Amino acid sequence: MSQGPRTCSLLLVLLLSHGGAYQREPSPRQDLHPLLQKMAEEIIEGSYLNALLDLTLFERSHVWTADLSHRVLAYLNSKNVAFTIPSLQAVMEAHLEQYLYQPQKLLEDLRATDNQQFHTAMKCLLEDKWGHLDLEDVVINLGDIRDEALQSPGVNRSLFLITLERCFQVLNALECVEVLGRVLRGSSGSFLQPDITERLPQDLHEDAFKNLSAVFKDLYDQTSAHTQRALYSWMTGILRTPFNVTDGSVSWVSAEKLWILGRYMVHLSFEEIMNISPIEIGLFISYDNATKQLDMVYDITPELAQAFLERIRCSSFDVRNISTIHRLGLLVCFYDGLELLDATLAQVLLHQMLKCSRLRGFQAGVQKLKANLLDIATENQTLNETLGSLSDAVVGLTSSQLESLSSDAVHSAISTLNQVTGWGRSQIVILSAKYLAQEKVLSFYNVCQMGVLLAGVGTQAFYSMDHKDLWQVLRSPLSQDMSDLSPVQQQGVLGKLMEAEDATSGIAEVPRALFKEVSLYDLWKESRFNATVLKAKELRRSQALFLYEFLGKTTERPEELLSAGQLVKGVPCSHIDAMSDHLFLALFQYFDNNFSLLSPDQVNCLAWKYWEVSRSSMPPFLLATLPSRFLSSIPPSRCVRFLISLGKRRLETLVLDSDKRSVVVRKVQQCLDGVIADEYTVDIVGHLLCHLPASFIERGISPRAWAAALHGLRSCTALSSEQKAAVRVRLLEQWGPPENWTAETTKDLAPFLAFFSGDELHTVATKFPEILQQTASKMVGVLLPKEFLWAVFESVQNSSNESPSFDPTFGCHGVVTPSSDDIFKLAEANACWDPEVLLCMEEDTFIRNVELLGAVKGFSRAQLMALKEKAIQVWDLPSRWKEHHIVSLGRIALALSESELEQLDLSSIDTVASLGQQTEWTPGQAKSILQAFLEDSGYGIQDLKSFHLVGFGPTLCAMDPTEIQLIKTSEFRAVVARIGTLFCSTPVLAGFKKKAEVVFGRPTEWTSSILQELGTIAAGITKAELRMLNKELMTYFQPSAIRCLPGEVFKELSTEQIASLGPQNAASVTHSQRLQLSSAQLQSLQRALDGAKTHSWQTDPLSSSPTWPASTGSPTGEPASQALWLGCTLLLLTAKS
């Protein structure tokens, strides 16, 4: 047994170190301290928690001596209690594990402790001086145990509930508030439900009340709207108590009470705010921490913000004074009375409004306010003169306004421009060009100055940099900005570095953000790698596979490699299989710590190894990756351990095959006995909530558990339509139809609003349009139901002040066209505009919003065509468009015909790369883009650099297979991994595969790292070559390559090869590929999907049943030491600080 359980057992049996035989037997008549005598009686009664708390209390005030153990055992013997160490240990372990997996029992036993014992338990939670137990030669580090305890679901919940129930009767209020704070801060606020205020004390003295209020303020964002309202009511109930005026003439709200309320001040009513006395609001604004508090009222509404501003105006503070403006926090986002402002104050306000992006909603109003302030700030001055003083309002400047700027103005304002967030891609392109207009070559100084504008620098400019300047950038803190560059820009930087004569000597110095772009071929040439250097690098799997093998030849300490950051991605299954039992168990923690980096195949290998080495201590979640029969072998006694372990993981990434995932979920339901009875079970289930079937959600979650379950369901991102319908049914049962909903209800249900019907959403759109629009703004880029989008569209239309157009253009007269406000609020719901309406949009509106419109995923072909026509109306023919026009189009560019694409100026690879971000091009369009670049740039295929190949993106697939062979091998090999991400036609992939043979040799020479590097290029392999591949390499095909293999080629795989695909690649096999397979091949595929062991695919029949070891003192579930440490932890009642 490991040191953990041994230490715990020694503690529990009073540290008898004599193995069960006593050296001497003291007389039970010898004096035994009453506390130890009480402890011994509790051991006899089976009250082990009470006994341990008494022991802890005794140790705090007495020196532990060796004879005390013998005295206690003598006392037990005198009571005819014949314990042996093994039997007592077994009883103790069973009891501890009962706490671990049934934290309700912990709650019950804590309720049964006497006041002195409960006091001890709370002190263990509070005081660092209780950080260890020192009992002769054994020291128990309670601080380390504290960190482990809360890994067990439900522990925090039990501690939270018992603290509310008993603490305020046993300890002083300040100590109890501190305990609550520790427990709540470790719970993500999920314990705070609206009914919690019924259990909170109503008579706290001032300091305790302030401290507890501070805890609730810290957890504000993690609590529901209903809970926020309930906590606000509890706080104000206490704050109002000493205030006896009842006629309403004087407000109960004082400056100090506003400070105590903190973010809860946004729940004050309009009337209460308007009733605050000028003296008190002035005193509040004068507090040094008032600005910090007002900076955090993210959910304040315009109405309440303007009410506060009005009261401040009535105080001694002048809101037109610069020092006052600096104190207003987020209230500046709703500043009114602009007619009295001068340019200086407008500039000050604009600077303060940088923080307005943190507001929850109302951003359209913020943008309008910034635009008005921008007009005032530039009044009687040119834009060139005021550019540096406009803060982030400059992002509201149109492309024509930016183009009108002088280069000198941009240089002068660069310290402001380089920090602004929210720039559009086209704006960055214009400003970068303006800044570099006077520079012949990009220098280190320029790069230092550009900040966020660096992303607008052309790739050719990076490629033309001096080597020394480039290395100076990469060795400076500026290297962190490399991650903000596009792939084509990153490759331009790398391409320049690799051209140097001593390029390979510097590969190890390439910063983290760029290192993952270094080619496998270039890694082969570098011999100076070590594990320390790689700790800070981000690695592709192909890089990790090569580097792990390379470094494995230079060290005999695998822990050095496994601790080297992302190098764990490269551990092959053969290495895991070859580890000795002892080494594997010693190293498993490295794998577990980096679990998110492991592939499903690696996890499957770990599961098999653990099963063979130590199935009794195997983490139960690994069973889900083994063949399904292993799940059926889990007995009821192991169910809770299985659920806890699996619930901490993401099942969708652990088990990729949907059929097998269904098997796992059925086992979960079986373990739950078809019901989630309470919130403790919700804690246990964890992320598995997202996979429970609709019928279970609708009928299997009890009303008591529903609130906690709903909190968990909020994080589910891939619920099926059936699951969504079940959630909707439960919500309607709980809250009734939307007609009955309050604002708090609607806010709390915001993550689920898209589940409701069009009629139900119509009600929400009418009652709470702002909440609906806020919800939609958080779902940008998500494919949403049409009903939801139409509801958002309706809510915006209802609040729009737009009038019918008087545009004489044919078909536009009388049409209500979109405004910038409308477009901003609608986000993805812009897909609801009629094409005719989009075509009638005002020119200025189109110019200001083209990038936002280009990002809408739901536009139809007709809508895109209308927007393209609008672009031609505004910008003239495509042949007149500049780079910033093209990059701003987004998906609108998809409407360009082949001839229109050929008219574009595509001489810059960055322009081509912006078009390449779209993946819906037809082959003809892609060919036009490719040809246009070659013609406009003057390059031939043989002249292309590696960054050109990256910049083409999916349009590279339009290259003729014969043209591919003209690409320089030195440029091709640098970007093989990037090209391997493209989904090209089979002939094109075959062409790239032929080119790859020049670099990597024929397929029979390919290694695991080469196969990973090739990606989809490997799908260009021939039938004969595929048959010749070693089956051990099959797991190293990328899943995308498996999907790209034509069915007639895929069917050439042998049954052994198919069985060796591994779970990840097997899950990537398409339906059309399956149709080509024989029954024997399909059976092999099923084995791979099920996680069968690849090297025993013929000898390990599907029907064989796994066997478990005989029951021991440490049942299967968690590693023995961990389980007992956690058990000890529960008894010691430690909590994370």
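For all residues, glycine too, the Cβ spot is worked out from N, Cα and C.
The annotation signal peptide is assigned in Swiss-Prot to 1-23 on the grounds of sequence analysis.
Here Swiss-Prot flags ASN156 (among others) as N-linked glycosylation site. All protein chains considered, the CB of ASN156 (N-linked glycosylation site) has 24 other CB atoms within 10 Å. A helical conformation is recorded for ASN156 (N-linked glycosylation site) in the three-state DSSP classification.
Here Swiss-Prot flags ASN211 (among others) as N-linked glycosylation site, drawing on sequence analysis. Mapped onto three states, the DSSP output places ASN211 (N-linked glycosylation site) in helix. Sequence-distant contacts of ASN211 (N-linked glycosylation site), defined by Cβ-Cβ distance under 8 angstroms and a gap of at least six in the same chain, are LEU174, VAL177, GLU178, GLY181.
Feature annotation from Swiss-Prot assigns N-linked glycosylation site to ASN244 (among others).
Taken from Swiss-Prot, the feature N-linked glycosylation site covers ASN289 (among others), and the record attributes it to sequence analysis. ASN289 (N-linked glycosylation site) falls within neither a helix nor a strand when secondary structure is assigned with DSSP, and so counts as coil.
Here Swiss-Prot flags ASN321 (among others) as N-linked glycosylation site. Listed in sequence order, there are no same-chain residues at least 6 apart in sequence whose CB falls under 8 Å from the CB of ASN321 (N-linked glycosylation site).
Under the heading N-linked glycosylation site, Swiss-Prot lists ASN380 (among others), citing sequence analysis as support. Taking a C-beta cut-off of under 8 angstroms and a sequence separation of 6 or more, ASN380 (N-linked glycosylation site) has the following same-chain neighbours: ALA343.
Annotation comment: Swiss-Prot describes ASN384 (among others) as N-linked glycosylation site, evidence class sequence analysis. The Cβ of ASN384 (N-linked glycosylation site) has LEU405, SER406, ASP408, ALA409 as same-chain neighbours under 8 Å, each 6 or more residues away in sequence. For the recorded site, ASN384 (N-linked glycosylation site), the DSSP three-state label reads helix.
Taking the Cβ of ASN530 (N-linked glycosylation site) as centre and 10 Å as the limit, one finds 13 other Cβ atoms among all the protein chains shown. ASN530 (N-linked glycosylation site) falls within neither a helix nor a strand when secondary structure is assigned with DSSP, and so counts as coil. Swiss-Prot lists ASN530 (among others) with the feature N-linked glycosylation site, giving sequence analysis as the kind of evidence.
Look at Swiss-Prot and you will find ASN594 (among others) tagged as N-linked glycosylation site. According to its DSSP assignment, ASN594 (N-linked glycosylation site) is coil.
Taken from Swiss-Prot, the feature N-linked glycosylation site covers ASN740 (among others). Within the same chain, no residue at least six positions away from ASN740 (N-linked glycosylation site) has a Cβ under 8 Å of its Cβ.
Annotated N-linked glycosylation site per Swiss-Prot: ASN798 (among others), in sequence order. Under the three-state DSSP scheme, ASN798 (N-linked glycosylation site) falls in the helix class. Cβ neighbour count for ASN798 (N-linked glycosylation site) (all protein chains, 10 Å cutoff from its Cβ): 10.
According to Swiss-Prot, the feature region 'Disordered' maps to 1095-1119.
The compositional bias 'Polar residues' annotation in Swiss-Prot covers 1095-1115.
Marked as GPI-anchor amidated glycine by Swiss-Prot: GLY1113.
When Cβ atoms from all protein chains are considered, those within 10 Å of ASN289 (N-linked glycosylation site) total 10, not counting its own.
Taking the Cα of ASN530 (N-linked glycosylation site) as the reference point, the closest of the glycosylation sites ASN156, ASN289, ASN594 is ASN594. Sequence-distant neighbours of ASN594 (N-linked glycosylation site) (same chain, 6+ residues apart, CB-CB distance under 8 A): LEU562, GLN566, VAL568. Spacing of ASN156 (N-linked glycosylation site) relative to ASN289 (N-linked glycosylation site) is 32 Å (Cα to Cα, whole number). The CA atom of ASN798 (N-linked glycosylation site) is located 40 Å away from the CA atom of ASN289 (N-linked glycosylation site). ASN740 (N-linked glycosylation site) carries a helical DSSP state (H, G or I).
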